[in-house]
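Q: Here's a structure for you.
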């Protein structure tokens with residue numbers, strides 16, 4: 001932090017007046033040790049994991065089937081998860097996050113964070129700087145996460161580690177972080193290494209962990225809403241893309257491995273199973289004959 005006791009002294013050092021956001025950050029960060037600012041990452045990530053899936057969990061548990069069925073992905077129609085399954089998934093994952101993975105991962109490397117150049121003082125990053133850094137983090141984490149995930153589907157790693165995450169063939173939001181503790185460490189490293197390679201402000205770091213936690217919940221939620229803003233993101237996989245991986249998942253399933261986008265799967269050919277699956281659905285749908293009155297007034301019509 002800029003070593004000044006007042007806002008006026010900090011403005012004199014900056015050579016300009018601070019915005020209200022910078023003034024608020026100055027007052028907060030000046031009285032908060034950098035170690036605690038770094039620990040906020042864990043609090044934000046855990047809050048995202050706890051709160052983001054809650055509305056979707058309540059929707060699935062409490063809403064009538066006729067309301068949720070149009071938005072449910074195909075595997076979820078076959079099996080309705082019980083409240084006990086939701087609770088067990090949440091408690092098991094919370095225990096792993098708190099005691100074995102994200103807690104130690106975010107506390108232990110604090111000296112590394114400081115050495116890497118992550119800053120906590122003024123000035124705050126501009127929106128353009130934040131956007132570019134987040135894009136770089138997403139691309140780097142997606143590429144590393146793809147290869148980590150691909151390794152986890154080899155025989156030894158799947159039998160010993162990755163099978164825990166695939167316990168839910170029809171995943172839900174709380175299953176986003178439901179994994180073996182060693183897998184959580186590896187995937188957490190993939191999200192953390194990009195920050196070390198491309199240092200940022202600590203507030204950008206908070207935003208990155210919040211986005212990564214929310215995205216993990218979204219791709220595991222099992223719902224495909226047509227009005228979701230994520231459908232506007234180019235090459236974004238989303239819930240439908242990843243739900244195929246879980247439903248047809250297993251030791252030898254090497255389809256739809258990338259955690260965020262789809263280009264790694266297309267580049268390395270691990271999208272073929274999903275592509276053939278969609279082509280078969282389209283073909284089967286085209287051969288359906290409906291016994292209701294058609295658009296031309298006939299009693300039978302065929303969907304093209």
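Any Cβ shown, glycine's included, is placed from N, Cα and C.
Just so you know, TrEMBL annotations are computer predictions that nobody has curated.
Here the structure is a predicted model, which means the values were calculated and not measured.
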Q: Can you dig out which of the ranges 20-41, 42-63 TrEMBL describes as transmembrane segment?
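A: Going through 20-41, 42-63 one by one, TrEMBL flags 42-63 as transmembrane segment.
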Q: Out of 135-159, 160-184, 185-209, which range is noted as transmembrane segment by TrEMBL?
A: 185-209
Q: Taking helix as H, G and I and strand as E and B in DSSP, count the residues of the domain 'Fatty acid hydroxylase' (135-270) in helix, strand and coil.
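A: So the counts come to 90 helix, 4 strand, 42 coil.
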Q: Any idea what the model's mean pLDDT is for the domain 'Fatty acid hydroxylase' (135-270)?
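A: So the average pLDDT across the domain 'Fatty acid hydroxylase' (135-270) works out to 87.
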